[in-house]
Amino acid sequence: MFRYVLKRVLIGIVTLFLLSSATFFLMKATPGSPISGEKYKNEAQRQLAIKKYNLDKPIFEQYTIYMNDLIHGDLGESIVRSGREVSDTITQSFPVTAKLGAVAFATALVIGITLGTIAALSKQKWVNNLCMFVATIGVSVPSFLIGILLIIILGVKFKLFPFVGLNSPGNYVLPVMSLAFYPISMICRLTRSSMLEVMKQDYIILARSKGTSYKKVVIKHALKNAMIPVITYAGPAFAYMLTGSFVIESLFAIPGIGREMVSSIQSRDYSMIMGLTIFLGFLVITFNIITDVLSAAVDPRIKLK
């Protein structure tokens with residue numbers, strides 16, 4: 001197990017290095033500059049800013065300086081918002097995104113597993129068709145479009161929920177529904193297919209033949225083993241909740257890390273874009289490693305290599 005975890009961590013470090021390098025050179029290749037003449041009173045101030053952020057140096061020298069700072073934990077300072085550290089932005093905005101993501105993730109697990117189990121076990125064909133219809137809609141329709149529809153119908157027309165910021169528990173309803181819809185659909189489909197497969201296994205038939213109640217068989221035996229594909233998907237799903245909320249946060253005016261990223265892209269704030277991308281990449285890699293380890297621990301069929 002230790003060697004497996006060490007191997008996954010080393011692969012993660014290499015992946016993060018490649019991501020950092022690719023992000024740096026892509027930012028430098030992007031047309032336009034955050035050091036625009038409109039922001040500064042005169043050319044002298046503009047030249048000082050260029051020198052301060054090492055933009056006057058050759059690109060590979062800039063890369064060396066940036067990577068050296070990155071190794072020492074320095075993500076740099078915002079070019080557009082002078083004096084604001086990238087790390088401070090992450091510290092202030094990430095808790096908002098994490099809280100929203102955690103609520104959406106929990107919602108997706110509960111609803112997705114419930115719908116998938118009902119669809120697999122129900123004797124009524126219309127119940128299965130309804131659950132699968134909802135799942136298909138969730139997979140097919142983009143989350144931002146779902147968010148817009150929820151705002152128009154439940155927010156503006158019927159005024160059931162507020163849709164700006166996260167000032168109260170009611171503010172979470174619409175963004176959580178928008179963010180969780182796709183994972184709910186995936187978890188529902190995974191749970192259904194896994195439950196249908198598990199219910200055909202010999203140990204399930206044996207348990208039923210011994211007189212074990214149907215409810216106990218489902219909860220204690222079937223559902224437990226059917227969760228292996230869901231656990232495998234859970235890590236990437238949670239990472240998606242944290243990193244895929246850019247449009248949702250902008251749509252609902254949520255001051256999270258996704259909204260910061262969108263704002264940075266619009267203003268071409270190189271250091272902020274690179275810092276946030278590296279941080280989000282680190283989260284995705286970390287959750288993937290955790291998922292791989294948990295999957296290997298839960299499912300004995302997976303060999304650690």
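Indices start at 1 and increase along the chain as displayed.
Every residue, even glycine, has its Cβ placed from backbone N, Cα and C.
Quick caveat, the model's predicted, so the values are computed rather than measured.
Annotation comment: TrEMBL describes 9-27 (among others) as transmembrane segment.
According to TrEMBL, the domain 'ABC transmembrane type-1' annotation covers 94-291.
Marked as transmembrane segment by TrEMBL: 100-121 (among others).
The transmembrane segment annotation in TrEMBL covers 133-156 (among others).
According to TrEMBL, the feature transmembrane segment maps to 172-191 (among others). Note on the transmembrane segment (172-191): residues 100-101, 103-105, 107-109, 111-113, 115-117, 119-120, 131-132, 134-139, 141, 143-144, 146-147, 150-151, 154-155, 161, 163, 166, 226-227, 229-230, 233, 237, 240-241, 244-245, 248-249, 251-252, 254 of its chain, located 6 or more positions outside it, place their CB under 8 angstroms from a CB of the stretch.
What TrEMBL lists as transmembrane segment is 230-253 (among others). Tertiary proximity for the transmembrane segment (230-253) is limited to same-chain residues at least six positions away from its ends with a CB under 8 Å from its CB atoms, namely 97-98, 100-102, 104-105, 108-109, 112-113, 143-144, 147-148, 151, 163-165, 171, 174-175, 178-180, 182-183, 186-187, 190-191, 194, 259, 261-262, 280, 283-284, 287-288, 290-292, 294-295, 298.
Among the features that TrEMBL reports, transmembrane segment is placed at 273-298 (among others). Under 8 Å from some Cβ of the transmembrane segment (273-298) lie the Cβ atoms of residues 1, 4-5, 8-9, 12, 15-16, 19-20, 23-24, 27, 66, 70, 75-76, 86-87, 89-90, 94, 227-228, 231-232, 234-236, 238-239, 242-243, 257, 260-261, 264-265, 304, all in the same chain and six or more residues away from its ends.
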Within-chain partners of the transmembrane segment (133-156) [C-beta distance under 8 Å, separation at least 6 from its ends]: 115, 162-163, 173-175, 177-179, 181-182, 184-186, 188-189, 192, 244, 247-248, 251-252
